[in-house]
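**Q** This is the structure I want to talk about, given as structure tokens.
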Amino acid sequence: MADTQYILPNDIGVSSLDCREAFRLLSPTERLYAHHLSRAAWYGGLAVLLQTSPEAPYIYALLSRLFRAQDPDQLRQHALAEGLTEEEYQAFLVYAAGVYSNMGNYKSFGDTKFVPNLPKEKLERVILGSMAAQQHPEEVRDLWQTCGELMFSLEARLRHLGLGKEGVTTYFSGNCTMEDAKLAQDFLDSQNLSAYNTRLFKVVDQEGKPHYEVRLASVLTTDPALDSELTSKMKSYEFQGSHFQVTRGDYAPILQKVVEHLQKAKAYAANSHQEQMLAQYMESFTQGSIEAHKRGSRFWIQDKGPIVESYIGFIESYRDPFGSRGEFEGFVAMVNKAMSAKFERLVASAEQLLKELPWPPAFEKDKFLTPDFTSLDVLTFAGSGIPAGINIPNYDDLRQTEGFKNVSLGNVLAVAYATKREKLTFLEEEDKDLYIRWKGPSFDVQVGLHELLGHGSGKLFVQDEKGVFNFDQDTVTNPETGEQIQSWYRSGETWDSKFSTIASSYEECRAESVGLYLCLNPQVLEIFGFEGADAEDVIYVNWLNMVRAGLLALEFYTPEAANWRQAHMQARFVILRVLLEAGEGLVTVTPTTGSDGRPDARVHLDRSKIRSVGRPALERFLRRLQVLKSTGDVVAGRALYEGYATVTDAPPECFLTLRDTVLLRKESRKLIVQPNTRLEGSEVQLVEYEASAAGLIRSFCERFPEDGPELEEVLTQLATADAQFWRDQVKEAPTGQA
């Protein structure tokens, strides 16, 4: 059997997302709007399979065929007859649920591969003897032969997502390196093209000259004359001695389905902002235009307080090894009025609270653009995973001048972060009951501050294409050095393109630090209904949770490659290092032995020193983060951030040894079962499923009732068309590794 790092355990937590009450309160028109937006999101989410690994689309197609022909209970009888134990069949169900939940065979949180926890030969017997194989023998056998070896392989390069020798990614062809990614980014910057909706493919000619294809995601593959925005850029270029070709049409059949349902949703829009937003999204996905998506995002920002909230597109860049390309996601949710009222009060206090952040006014936006901030109950979240909160759009120019929205996903928080006492690790016994009582409320506070005032704060110093600066060069000085500003962002440069591989984690660290820093403010705690001893407990548990999370983060560090696989967890480890460095016993991490005789550890936070020691240390660190971000000082920013993110076995913490303990004691991230919506005549029904691996599988079996087989064929055809770009990587995968 495989190393436990690379399997999902049979007892993995599974929760159902409850949005019944919020859905019940929608009007018939709002339900139709939500239904078609959900359909668009689910179709678009299939693109994530093509953004993850070469084998992911085939695995998805194979699983879908199996469970469409026999539901999990029916397939169980066949599997047991083939000689599987109940535990082995459950392991297969958990694997299949994991593939659906992560939209691929790599964990969305950590980017680690997971494989079936049963013998490959037994799974092969189940698949080739299944009803699906009897109905379509050649298709099922071909799918198994294409993905079976890779499904189980744990060859070193395939264990994690990454670029070049560091891992596998389908954002780039298998022969691309970090140098290729940097060259491509420089090319894109030179043409004022965004990387968000692109992939990069490299071919080397007989003379050894590289030829790069930059492929945009779009329905259209041809260049109609009426498209003036992008037609002129669909051509060949010579750039720094290399050949570049800009094309489009990536994920075309999938995006066609997205556009069709956005068009249907548009008929039920509540206002002109929503209509214009959807029109621009359709333009974006049809033409491959990020500028159109930006225009749609402007209308989305202006659509204040909608009953049905949504966002869709190539959004987060966490899983691109270079940090510039967006993974497709789409969500649809309904407002939770009680929690939203608290967030509205936080927004009303935002301008005053921003003044408390530890950097000069010149490093803050000239005007705080008051955002929407709502708590939502999620109906649909398509992509590789569901976050607890969102601050979007991610376009720097819009965030600086147009604003943004903050979203806290209440029903996700309710299930994803619930903790049982017996499964709590690395805490002192006397902290556990307090932690369980206050983790949820403290997380509400942290998410609110993180999204609104973390991601919503700070100014980027920019010189535009006309040479005009958005700051006064004569009077603004660097508070760290006292000198005039020496660096800034040039026209076309963005936070992601400039800081690339550390951009996501650095920004998450800054936002988390803002949350910790501002949760000490009594006004903030009063907004959320906490005063006196309760407020102090919320502060303590919030800081304690961050310190514990920093230790848990070690699971997502790869010693062999000396790199991090998850932006949020790297950020939390950095904060742990900052607080440990503060000294005076504020934070200690002590190795121990558990009651089972195996290595264990305990985290201790001295609550009496949070304000006297922790706050000043966090203040200094936050100021440095913001100054380096504002000025675009990549060299110093990398030195600071990567210094704190370094993991060694130096005493007293001995983090590499602690990592082994973390892996030994780790609890797998929960799987979340989402409902479906079904159109019956002119009415939309909510279809819910049980909280189990089988329930999650059933939800996906019923997700595409009209065109499931067609979609599987589309996915495998798209994967096969590009298989040449990863053939060398695939050949490296030996058999029998798991």
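Each Cβ is built from the backbone N, Cα and C atoms, and glycine gets one as well.
TrEMBL does not curate its annotations; it predicts them automatically.
Marked as Zn(2+) binding site by TrEMBL: HIS450, HIS455, GLU508. Look at TrEMBL and you will find GLU451 tagged as active site.
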**Q** Over all shown protein chains, what is the count of other CB atoms within 10 A of the CB belonging to HIS455 (Zn(2+) binding site)?
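**A** Result for HIS455 (Zn(2+) binding site): 22 other Cβ atoms within 10 Å.
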**Q** So what sits near GLU451 (active site) in its own chain, CB-to-CB under 8 Å and at least six residues off in sequence?
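**A** When sequence neighbours closer than 6 are ignored, GLU451 (active site) has PHE373, GLY389, ILE390, ASN391, ASN406, VAL407, SER408, ALA511 within Cβ distance under 8 Å.
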**Q** Please name the residue among the binding-site residues HIS450, GLU508 whose C-beta has the most neighbouring C-beta atoms within 10 angstroms.
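**A** Buried the deepest by this measure is HIS450.
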**Q** Using the centroid of the Cβ atoms of HIS450, HIS455, GLU508 as reference, list every other same-chain residue with Cβ within 8 Å of it (recorded Zn(2+) site), in sequence order.
**A** ASN391, GLU451, GLY454, GLU507, ARG510, ALA511, GLU512, VAL514, GLY515
